[in-house]
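**Q** Pasting a structure here, questions to come.
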Amino acid sequence: MAERKVTVTSEVGLHARPAATFVQTAAKAPFDVMIAKVDGPPVNAKSILAVLSLDVEQGDFIVVSAEGEGADELLDQLVEIVSAP
Amino acid sequence: MGQVPTAPPPTLTGTGVSPGIGYGPARVLVLDVPEPEAGARHDGDARAERERAEWALEQVAADLEARGARVGGEAEQVLHAQAMMARDPELATRTGELIDRGVAAPRAVFAAFGTYRGLLAAAGGYLGERVADLDDVRDRVIALLTGRPLPGAAEFAAAGSGMGVTTPFVLVARDLAPADTALLSPDAVAAFVTEQGGPTSHTAILARSLGVPAVVGCTGATAIPPGVPLLVDGAGGSVRLSPPAHEVARARRVARAGRAVLPAVSSTQVSGSHLFRRGMTADGHAVPLLANIGGPRDVESALAYGAEGVGLFRTEFLFLGRAAAPSVAEQAEAYRAVFEAFPGDRVVVRTLDAGADKPLAFLPPSGVEPNPALGERGLRLLRRHRDVMNVQLAALAAAATKTSAKAQVMAPMVATAEEAEWFALACRTAGLASPGIMIEVPAAALRAADLIGAVDFLSIGTNDLTQYALAADRQVGSVAGLQDPWHPAVLDLVAATASAASGAGKGCGVCGEAAADPVLACVFVGMGVTSLSMAAPALPAVRAALIRHALAQCAAAASAARSARSAVDARAAAEAALSRT
């Protein structure tokens, strides 16, 4: 199981365009991808409604995790999306 | 929700707010899809029912995506995000689970959306605003599953692009939101009819600026069956269903004759010179007549009606329906397009006026506002989001340097002298030499002498000034009777403002819808108002009224109106004073 912990620096958090890009990227994976706020339950990272409902704002600390071939590359891409200004 | 439509009577009446005759088939925006009955079960074939739900979700997603691609730009992003909601895997799972337990597909979809609806609404702010997007997707899916017509965004998309529209239609809705109507094209819409709203509602203002006839406050309008031909009288306020051909022909003839009269009056009064286009009283006192515009698309109409410039350039069109503020370059290009249409003339740009009834996703207020008209809006919001204002000022400064138009900037919703000074400093720092402020708050009108020192001009927004003076919400139809700029209290506030401006040797315009009333326009001029700005189609009538009356007569009308005790008496007194020779 691969995992990344990262602080969200995107100005609008995981709302609006970054949320859409994040979900679309996760959705390409053939395996499950989860996202959680620290201390929060993980939710399906391929679900725009679940990701929006997390209400991730700039400065929040999140955990993304996945298991499968290519999981590390995918998680790196997701980290990049939430780290963009 | 969900009442059985009954056949409406052959003629409905409301308030005519944008003159003209419109005729075309009704396109009814059904914004309410009834909630599927709680306990509704399917016939036992869970698999078939699941497939039906999946089909409907996918149909809606594909439709939203296709319309997004057709519209393009920021609207495409919004529609694309909605398509993602329809294709959401968690939503599909929840819907499927409910169907497996026997729940009918429409109810299952409704309940599955409901989970997320609650979460988003509880989060508030940006996410809270997404609830409307989510509801729209939900209603589309349920409409499809229950064999109802789809909710209305298709009409907006068709009206915006002009695609697929061969005959202009009459757009019928409960109400129209600014974000919806920003995309409409006047060529596709013959008239607007809404159940809610008053003379200063967004529908009314939009209709006047597009030159499209409109009737608001028309009870029962959304029960009109789609496709029924409607004859709309935007002055008289009647909406005739399935009129006989001779009635349509007669109405059109009368409308044409009415249009022909006004230019004839003014061109005989000021024989044939270029002065035809300059606003002035009978004794030659110049009153520039300017147009209110909502973007470059209104420029053509402003020029056609002889506007001597722009007194109110609303800039919200650049920001509506977007996730982030547009760049300096994009804004500058839009401003330049307007400046270049008015070489040598004044163009007064109002900075972004968000908040209250015009919320923007990226400019959230600091908290919940139980009374948004009294909350963080206009300049108040810009002070919290200075980056947005500074980008706009920079874009305006850039656009202004490359044009011969007299570009000016003003801020909305200024209440205090300190706010006026703060805005003026921000403008001058950005390189904009001639800042002004709007007077919409009674406090600012009463103490206009304190505010004017910091700025070059004042511009009175009569819609908000009336709303705040009479404590009558512009969006609430039941208090529309109080929304009357003829009320002597409003006239006193206008007079106080004009007098403070003239005492300081500065200009004071009126840019509210009240300036479009030819009699009230004379009264304002009589109080010392120096320019009038209005929806372009109103310019010929105001021009004709001014040229018939001397300044002293306008002053007498102002004095008579302010001596009255009610709006009705004020108007009658002013009309009497103006008809004396």
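Cβ atoms are placed via backbone N, Cα and C, with glycine included.
Note: TrEMBL annotation is automatic and uncurated.
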**Q** B:R314, B:R350, B:N463, B:D464 bind phosphoenolpyruvate according to TrEMBL; which of B:R322, B:R474 goes with them?
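**A** Checking B:R322, B:R474 against TrEMBL: the phosphoenolpyruvate site match is B:R474.
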**Q** What does DSSP give as the helix, strand and coil breakdown of the domain 'Phosphotransferase system enzyme I N-terminal' (B:13-130)?
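**A** Secondary-structure breakdown of the domain 'Phosphotransferase system enzyme I N-terminal' (B:13-130): 77 helix, 15 strand, 26 coil.
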**Q** Among B:R314, B:R350, B:N463, B:D464, B:R474, the annotated phosphoenolpyruvate contacts, find the widest CA pair distance and round it to a whole Å.
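**A** With B:R314, B:R350, B:N463, B:D464, B:R474 as the binding residues for phosphoenolpyruvate, the largest Cα distance is 20 Å.
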**Q** Using Cβ atoms only, which residues of the same chain lie under 8 Å from B:E440 (Mg(2+) binding site) while being at least 6 residues apart in sequence?
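**A** Correct list: B:G378, B:P412, B:M413, B:V414, B:I460, B:G461, B:N463, B:D464, B:L465, B:Y468.
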**Q** About how far apart, in whole Å, are the alpha carbons (Cα) of B:R350 (phosphoenolpyruvate binding site) and B:C511 (active site, proton donor)?
**A** 11
**Q** Tell me the Cβ neighbour count for B:C511 (active site, proton donor), meaning other Cβ atoms within 10 Å of its Cβ, over all protein chains shown.
**A** 28
**Q** Let me know how many other Cβ atoms fall within 10 Å of the Cβ of B:R314 (phosphoenolpyruvate binding site).
**A** 22
**Q** So how many other Cβ atoms are close to B:N463 (phosphoenolpyruvate binding site), meaning within 10 Å of its Cβ?
**A** 21
**Q** Let me know the model's mean pLDDT on the domain 'Phosphotransferase system enzyme I N-terminal' (B:13-130).
**A** 86
**Q** Reduced to three states, what secondary structure does DSSP give B:D464 (phosphoenolpyruvate binding site)?
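**A** For B:D464 (phosphoenolpyruvate binding site) - judged by DSSP and reduced to three states - the answer is helix.
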